[in-house]
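Engineer: This structure is in structure tokens; I'll ask about it shortly.
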Amino acid sequence: NREGLKKLDQLNATPLHHAAGKGQLELMQMIMDDASFEVLNVTDSSGNTPLHWATKKQQTESVKLLLSRGANPNILNSNMISPLHWAVLYLLNDLVKIFVECSATDVNLEGEGGNTPILVACYKDNHEALKLLIENGGDIAKANNMGCMPVHAAAFSGSKLCLEIIIKRGEELGYSPENHINFTNNGKCSPLHLAVQSRDLEMIKMCIEYGAQIDLKQNDNCTALHFAATQGATEILKLMMSSYTGEESLINALDGNKETLLHRAALFDHYELTEYLISKGADINSVDVEGRTPLLLATSCASWKIVNLLLSKGANVELKDLLGRNFLHLTVLQPGGLQHLNEHFFKMKHIKDLLTEEDQEGCTPLHYASKQGVPLSVNILLEMNVSVYSKSRDKKSPLHFAASYGRINTCLKLLEAMEDTRLLNEGDKKGMTPLHLAAQNGHEKVVQLLLKKGALFLCDYKGWTALHHAAFGGYTRTMQIILNTNMKATDKVNDEGNTALHLAAREGHAKAVRLLLDDNAKILLNRAEASFLHEAIHSGRKDVVNSVILHKRWEESIITFSHHSSINKCAILEMVEYLPECLKLVLDNCIIESPDEKGSKDFSIEYNFRYLQCPLKLKKKCKENGGIIYEPLLALNAMVRHNRVELLSHPVCTEYLLMKWMAYGFRAHILNLAVYSLGLIPLTLLITNLEPDVSFNATLKYGPFDNKDSNFIKVCMSFVFIMSLFGICKEIIQLVQQKLNYLLDYSNLLDWTIYSTSIIFVSSLFVTLPIRLQWDCGAIAILLAWTNFLLYLQRFETYGIYIVMFWEILRTLIRIVIVFFFLMLAFGLSFYVLLGSQQTYGAPYLSVIQTFSMMIGDNNYREAFLEPMLADKLPFPFLSFIILIIFSMLIPILLMNLLIGLAVGDIAEVQKFAAMKRIAMQVDLHTNLEKKLPYWFLSRVDQESIVIYPNRPRYCGFMSVFHYCFGWDNTAADTQSADTTLELEILKQKYRLKDIATLVEKQHNLLKLLAQKMEIMSEVEDEDPNDLFQNKFRKEQLEHKNS
């Protein structure tokens, strides 16, 4: 099956690949003879040719056959490897010989990383392949991408025979062994550097014998000696030192960081090497770029043997790093600290004097030990009479550091070493005492210890107490300890007038806020006239606000505000603007259901409106005393301003509006509608009972009516005239009151048009007017009057929402018509040109109007197109039909469907907007009415709460009729709060974790006690643990905010 020879397997390998790999020569021959395409160099999915497969499977005869048939040996696979590279790599020297004898083979072909076969041979220590490659033109001076030559590869891999062959070949090419062995790569690294990295002593000797420069430096100024010192290779270092014949001293050679060999040995804790270097005269006080001596470097790496060695050899202990730290500063930073130093060193005066040395920040070793929490080091320092009263440049004592980092055991040691309590209450440069710092970071154990030892409740320079700091971080256990000691701390204010309650609320710590409220903290206003609730709302702290809403002191919290502040107003109004979700919770709590079954007639729901309105007595008092005027329906107007549809649709708000509507809104609106009808109904009667004079030749003196109906017509015309004058007077009064806002309301223009056209229509009672003008005005008046009647129906929900939706969709239509008017004009003028001989298209404006008529599908095809064409009266028949087809596709089909799609697609948004606008109109109606109603009337009809019985008819059954006629939606929404299952589960897990943490801490203390009883020493005893790791995250947040 010769067709099968073209098929590929899942690796994209051809039959020739498999035949070459298995050495099936006859099959290979047949495939190559019968192939109609090039098969010798076809690659599989990894880029391997049949020659790669034969090489990897060590099929010598296959390789010979493929090369004899012209296979390309220089193809690289996906890993940038040629068959020759593979042969060299896997020590297949028979195949190497075959490849190099092939004239098509490039023996210097670059593979992965630019490595030639010679480089691969050196890395693999394949000296036989190296000889074959060199004999067949291999270039020993060709470098790879890193600049490494074969001499580098041989030195790094320890290939001694390869190195000899390369050096010998180099001599033949004119490279002396001294020059050749000192070739450098891109990083200025010589073969000696690479040999030292491999720690091959024999190769190093060989390099030195060939003349390698021991003091040759890399780009980072490192010599081979630095590599040896880093590795702790003492023998190699000794060999290179003894072989060096230069004049410059290598024992103190510096690298790019100005580190000597002794620095490297000390850094990596090579004790034997350090002794050797010191014996050879190494400078033990040499300083690197960071100001560190070998002693400081060894101390920072906890190389204690070397530290003690250097001290015994007389290292200068007074030298400091760039931060001003001596070796004792660094010692106390390490685990174990000072206990690793030999005791006799502390008896030396020059070392003892270091105990009080300060770094650049003014900190002594005791400050460092206190900060790190190393009790053993603190004990040693205190036993040496180190002063606990020393201060840093920030005026912090060791006790400040220990308290700030929660080192309870260290604090205990320091307090025991104090002769008085003066330091206990001293402040740093910010006025913060140790108690402040411990409270700021939530270390409740340290706070408790300091309070027991006599710490006072002082203020820092910003007026913050320890409770302020604890509340700012939300550390409730710390706050509880402080409150148990000093109950009056809750009411202390800082320089900005903030109490701890303000700070906890601003930072969003709900538990801290609840704790302070439970402890009867006063609710005060700060200097910005903001209460803690204002701070929480303005900062968007939803959890805090929700906690306050559910707290027993909610009423007290919400009434605490300044009536004169324009920024920090009533909390309800602030929640409408910033946290509407929280106000929803307030409204949910205003709905109280009775315990009866929901299907029972006795089941009731109480709706409380206290948070939606300012009490009438308070409004009157504020107006009389301070001149402060609160508009009616304050909360609802704020909801309208900020577009809070979800709040306005809440059952409490809808019931509140219904209460207002039934109290006075319905009556006022019906009265307004009745007054308007006094003009609308007579106008309608006039239109239906009068007929225009079709002759239009005379003027109307007293009206075209019959004598028998003259009195009725006169009465109707009089009513229309009087009501129109009344309407004009009303509009003038509104113009004076509303000023500019009056001109922005389009409905006022509608009213003016109705009244003016109505007066012109009935003015024939007094003056003589042309009949045409009279009836033109009459037509406009009756059209707009009934259209305006729709606006009055907007107050009712069922009618109102559809009317508002209608107006919104009309706006969309007008915008689209304005855009596509030019399309109508284009087709209208085109039809005027083509069909101008017909009466309906006889003028440009008639043609455009007919085009608008055709837009709804009335294209008048038979009369305008078909019959004229059959009668041979159509001037341009072909073009007329083409334009008609285009018009039918674009206008009646495309444009109309576009309009329908916009109307349907936007209906949900329009409905939402319409509901919002309808409620806004209700709110505006009640607001304007309440401004005009007297106090005595409002106090009689206004209610703070109502109780409804959903299963009983309301208002003696009147509400059912009202619902049917006017569609007021009074169905109470389900007051059940959102499913809180997830929140409850999270809360349970939170308390479980707290219980587990407490249990683990008790077990930890018990284990420590058992270890002490059994006299078991461990590293844990030298640790001074602070509070849980969560506090570290809080501390980072606080530091970030402070910065």
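Cβ coordinates are placed from backbone N, Cα and C, and glycine is handled just like the others.
The annotation repeat 'ANK' is assigned in TrEMBL to 46-78, 113-145, 187-219, 257-289, 290-322, 361-393, 430-455, 496-528. Annotation source TrEMBL lists transmembrane segment at 670-690, 710-728, 773-793, 813-835, 878-908. According to TrEMBL, the domain 'Ion transport' annotation covers 711-912.
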Engineer: The repeat 'ANK' (187-219): which same-chain residues, six or more beyond its ends, come within Cβ distance under 8 Å?
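Structural biologist: Distal contacts: 146-147, 151-152, 154-158, 160, 163, 167, 177-178, 180-181, 225, 227-228, 231, 233, 235-236, 239-240, 243-244, 246, 248, 250, 253.
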Engineer: Same chain, outside the repeat 'ANK' (361-393) by at least 6, Cβ under 8 Å from its Cβ: which residues?
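Structural biologist: For the repeat 'ANK' (361-393), the sequence-distant neighbours (Cβ-Cβ under 8 Å, at least 6 residues beyond its ends) are 324, 328-329, 331-333, 335-339, 346, 352, 354-355, 399, 401-402, 404-407, 409-410, 413-414, 417-418, 423, 1021-1026.
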Engineer: Using DSSP, how many residues of the repeat 'ANK' (187-219) fall into helix, strand and coil, respectively?
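Structural biologist: The counts are 17 helix, 0 strand, 16 coil.
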Engineer: Hey, which bits of the same chain come close to the transmembrane segment (773-793), Cβ under 8 Å, at least six residues off its ends?
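Structural biologist: For the transmembrane segment (773-793), the nonlocal Cβ contacts are 669, 672-673, 676, 679-680, 683-684, 686-687, 692, 700, 747, 750-751, 753-754, 757-758, 760-761, 763-764, 799-800, 803, 806.
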Engineer: Determine which residues of the chain contact the repeat 'ANK' (46-78) at the Cβ level, with the cut-off under 8 Å and only residues 6 or more beyond its ends counted.
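Structural biologist: Hits for the repeat 'ANK' (46-78): 11, 13-14, 16-23, 25, 28-29, 32, 39-40, 84, 86-87, 90, 92, 94-95, 98-99, 102, 104-106, 109, 111.
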Engineer: Should anything in the same chain at least six residues away from the repeat 'ANK' (496-528) have a Cβ under 8 Å from its Cβ atoms, list it; otherwise answer none.
Structural biologist: 463, 465, 467-468, 470-476, 479-480, 483, 487, 489-490, 535-536, 539, 541, 543-544, 546-548, 551, 553, 556-557, 560-562, 567-568
Engineer: Are there residues at least 6 beyond the ends of the repeat 'ANK' (430-455) whose Cβ is under 8 Å from a Cβ of it, and what are they?
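Structural biologist: Distal contacts: 397, 399-400, 402-408, 411-412, 415, 421, 424, 461-462, 464-467, 469-470, 472-473, 475, 477-478, 481-482, 485, 1026-1027, 1031, 1034-1035, 1038.
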Engineer: Need one number: mean pLDDT over the repeat 'ANK' (257-289).
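Structural biologist: Overall, the repeat 'ANK' (257-289) comes to a mean pLDDT of 93.
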Engineer: Pull the DSSP breakdown for the repeat 'ANK' (257-289) and write it out as helix, strand, coil residue counts.
Structural biologist: 16 helix, 0 strand, 17 coil
